[in-house]
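Residues or ranges marked as domain 'Methyl-CpG-binding' in TrEMBL: 33-92. Positions annotated as domain 'Methyl-CpG binding protein 2/3 C-terminal' by TrEMBL: 97-187.
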Amino acid sequence: HSSGTTSYGQMRPRPTCTRLIGFYLSLMVLSLLQPKPDLNTTLPVRQTASIFKQPVTKVTNHPNNKVKTDPQKAVDQPKQLFWERKLSGLNAFDIAEELVKTMDLPKGLQGVGPACSDKTLLSAIASALHTNPAPITGQLTSAVEKNPGVWLNTAQPLCKAFVVTDDDIRKQEDLVQNVRQRLEEALMADSLAYMEDAAVDAADDKAEKKDEQCAEHEVCW
């Protein structure tokens, strides 16, 4: 006889029941085959022949991994090639709005790269001295002259490699000493001029007060 009943108490035929049972079984198998999210955060246990449990150690960093442990990788930002050329055309003016003459570079400093003038090189070296904590050596490789777009070191200014000799240091010391002496003489002359002006003002004030006293004395008589 046929098996199965409807919601109204009526009997279903056997083929209909077979199809329904097959459909429900397919849904159950499909739900079992679908992966479920593993929300367990505990570390797994190593499956070994030992009777004791050996937990797995989770390693998030390794001292030999330079990519993760080297902080310089995250600090250094990429630089644009020949960014020093943006400094070209900039001039300095004094308080009287007159153009300040730029200093002359030593003969040992030679620019490298396309359209690198002395003013651009001077600005690049000044910028490197203020922003780069590393020593300023210039472009050490000679291949940069053939193809600067490939072999250029963006951490160094656009100049060839140079060496500072003892003679250069002595010349710079003499130049600094000369400038300090001139500054001392200028400050001394300014101080003497201020003292003379103060003495003249004091004498004028004294003479004016004396004239006022004489005028008051004459009025009283």
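Don't overthink the numbers, they just go from 1 along the chain as shown.
Cβ from N, Cα, C; glycine included.
Per-residue confidence over the domain 'Methyl-CpG-binding' (33-92) averages 67 (mean pLDDT, predicted model). Note on the domain 'Methyl-CpG binding protein 2/3 C-terminal' (97-187): DSSP counts are 44 helix, 5 strand, 42 coil.
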